[in-house]
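The transmembrane segment annotation in TrEMBL covers C:6-36, C:57-76, C:141-167, C:173-192, C:225-244, C:250-267, C:279-301, C:321-346, C:358-387, C:407-430. Sequence annotations record features per position, and here TrEMBL assigns domain 'TRAP C4-dicarboxylate transport system permease DctM subunit' to C:12-424.
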Amino acid sequence: ETYSAAASWVETHGITVNKLRNYAEYVSEDTDGNIEFEVFSGGSLAPAASMASALRDEVAMYGHITSAYMPADLPLDNVLNDLVFIADDPMAAAFASTEVKLNSDALQQEYADYNLVFGTGYSMTTYYLICNTPISSVEDLEGKRIRTGSSSQIKWAEHVNAISVSVPATEIYTGLERGTIDCSTGDASFLTSSFQLQDVAKHTTLVSLGTHNSGGEFFNGDFWQARTPEERRILLDNLARAEAELQVDWARQAETALEEAKSNGVELIEPSEDLKQSMEEFTEQFLENLPETSMEERGVSDPSELIDAYIEAEARWKDLLSDVDRTDSEALTELLINEIYADIDVETYGVN
Amino acid sequence: MIAIEHLLERLSRLLTLAASLCLVAMMIQVCADVIAYNLLRAPIPGTAEIVAYYYMVGACFLPLPLAELRNSNIHVDLFYNMASWLGRRSMLLLAYTAQIAFFSILAYQSGIDALEAIAKGEVVFGRIAVPIWPGRFFLPFGFGLAAVVSLLLLTKICLQRDWEPGMEDNEGDSPISKETR
Amino acid sequence: MDRLEIGLLGIVVSLFLIALRIPVGVVLGIVAFVGISSITSLKAAWGILTAIPHNFVAQWTLSAIPMFLLMGYIAARTGLTVGIFSSARILFGKVPGGLASATVMASSIFAAASGSSVATAAAFSRIAVPEMLKAKYDPGLATGSVAAAGTLGSLIPPSVLLILYGIFTETSIGALFLAGVIPGVLSAAIYISMIMVRSYRTPEIAPPDLTTYSAEEKKAAFRDIWPLPTLILGVLGGILLGVFSPTEAGAIGAAAATIIALMRGALTKDALSQALTDTAIGTATIFVIAISASMFASFMGLSTVPTQFAGQILSVVESPIAIIIALSIIFIVLGMFLDGISLLLLTTPIMLPILKSAGIDMVWFGIIAIKLIEIGLITPPVGINIYVIKSVMGRAVPLGAIFRGAFWFIAMDILTLGILIAFPVVTLFLPGLMR
Ligand code: NA
Ligand code: NA
């Protein structure tokens, strides 16, 4: 049977390519066409901010949710996204957050309340500072208008006395071109494939502003429960494969994107010592305050346990990944299945 | 009937007044924000969020009932103008029944969504956290009253042989005649 | 019935119901609701009602539309437009269709900066159309000029649609911006030529102004020429200098119109409250259709009508030129029912691999695609630019007259498209200089 699968990312984006199109193919093959996904990219079925309700209401049965758009619905998931400001290894962050989201009772409850079943997480590559003017020190940042992409980045901008502004994605390019903004945070692909900022922003400061792992791929709860355990196993293991392939692709693309930008005249700037130091101070303070600010701002109960679980998982994954070829998606798939998915009991997972 | 009509018109005007205030607030706050960040390097926090979730939502949904009263919705009257009296009456009955259905289902669903939004304290995070659930109520108000107004107009079509939508309205009429007067 | 049949039936039923005088927004919304529930489930249909209306409207970037509408209403209600249009009549009154050509030029320049076609139409419909009607221009010509000139907002850079195309297809936005310039100017020039030829041959549609003006009258008119140009140049300058973004420009324009009216002592309480009420009603009218059109696009997507239709046509063509012509037909047909962004989103998955394997230049195709999408803004039955003008003009101009007036401009767009397809250099010359 055919079911709708939806994402708000555009057709060429990794999430659409790996997690929806390729995934749909793998699942169709492994189930002999019993489960076919019809893919709707770019929010053509429902706007990005409505993806969770669209999955809950069966507009689509499988899809990508960016929880940052629905902080009131998925507050704990957003805490994890705040947390990856400290992540310096996107692949480890991706797999660690997948592990935590699959296993945390609190998060599972949050998803179940929305009739969602979590499938995999992800992590974009490291966010840098992409500017139309050279920035290397804390002093350079003062009073600069920065387009930020997450609450943690906003807090950081305030910490360095920059001004964070909300600019829609479609206005980043012209904003940098005309100077209504000085910088945008963004991963390497912002310079090339996704936003083409290399034309208008000739300076990129290689200071790590964390990654993104907001939400992930989810199934509609009723759809999931109507599947046989064998089908659920197929659905999960292929998610592991799609996720491994996505992170391999992204890591490679991030590298080539920086090279391409450099060859197109974008200056890659190393942060000065004082900026590095300020960054360390900020992250330390940030991490210390996170449980409290989360309780205050996001209205969750004490997330310390979740935060610790993530930090532990991230360390474990850094370790696991040090023994494996990070460009070998088959090996990574196997690792994900062995370390995470094999432990999921398909008889009970997501079934209430 | 006339009393109901007056009441609905006053309510519709009231909602449109609220929408006008949203427009004025949108204009002033955006300008203030532009001035603040250009001159003081200190934009007004939450401007984009407040504009989107309050002013835009108010300006788009609250004027719906008055738009209906003024017959401002966009329709094609090519065949209507060619039809006989009976044909025109049938078309109007169908159109207003469809309209009542349309506004009612939207009022119902948006009402449920608004109540859910209160329950979870819907909020967006920019530089500051902006609660956005109150703006959700503009939808059921606008759609709901538009449905009631459509019901009133349907009743008029049934009861008054010669009545046509927009006929007593001399305000929403030609912009040229007004300005050249 | 399979979903494809449901989708096709949905289109036919929509056309029929629209012809029966049911409001366009109501028809699209109800057909989408019934269609989605019969393809998927009733639950999904209610789900679309949750997903779309609120989140579609609650967008910062769309705020430019009500603000530019307000700017237009205030400028018109307080007489800011009178001086420039009387001066234009004195200067170009004898040129066939002079006012319409001047409007096309002015709104193309405005469109160049605003980045949005609908916002441009919103700003100019109230400013220019009533002035042309006062000069006894044919309503179709008057409204068609504004509707069509507005469409250049997405072709001449900067342009939100070109940015989206760049993001969707991973094409250089800078190259797209450069590529849009000549086709945009060419479109405007072709519009103006058409207006002049038509007005010359049928003077009734744009009666020449044969009045002889006294020196006094001329002086009076020219003395009052400044308000509208000041307003428009102020908005343009601010955007180009990076003082404010195109989205913020709407609010700045509305405020500037208010201030200029205040300075001239023309801002009565009555004028302001009328302008606000009209803007509110216009905004609601336009957005109800836009929301319903968006729900209808979801229905179309689920029905697979766009993908199957495109797939069928593309499966029989091979050469690059045939592919481009096939895609043009697909875009024009689908553009009748779908808004530009939905159209791009729903067709990219099939279009992209075909374009890439045929080795078609994505910058060249991008400009053709945007031109095609812009045509969709003025084709029936769903033509948002037309609806903007209708909602602003009220009963003064029947909807049919606007669509008929726009038809001439669509014909010119087809001519422009032919030139763009036959001579890729028109599009690729400027980006070629960059490389
Ligand atoms: Na433009
Ligand atoms: Na159209």
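Using N, Cα and C of the backbone, Cβ positions are placed for all residues, glycine too.
By the count of Cβ pairs under 8 Å, the stretch nearest in packing to the transmembrane segment (C:321-346) among C:6-36, C:173-192, C:250-267, C:407-430 is C:407-430. Beyond its flanks by at least six residues, the transmembrane segment (C:57-76) meets 114, 116, 118-120, 122-127, 130, 160, 227-228, 231, 246-247, 249-251, 253-254, 256-258, 261, 267, 271-272, 274-276, 278-279, 282-283, 286-287, 291, 388, 392 of its own chain at Cβ-Cβ distances under 8 Å. Just going by CB pairs under 8 A, the stretch in C:6-36, C:141-167, C:173-192, C:279-301 that sits most against the transmembrane segment (C:407-430) is C:173-192. Remark: the transmembrane segment (C:6-36) makes no contact with the transmembrane segment (C:173-192), by the rule of 3 or more CB pairs under 8 A.
Confidence across the domain 'TRAP C4-dicarboxylate transport system permease DctM subunit' (C:12-424), taken as the mean pLDDT and rounded to a whole number, stands at 92.
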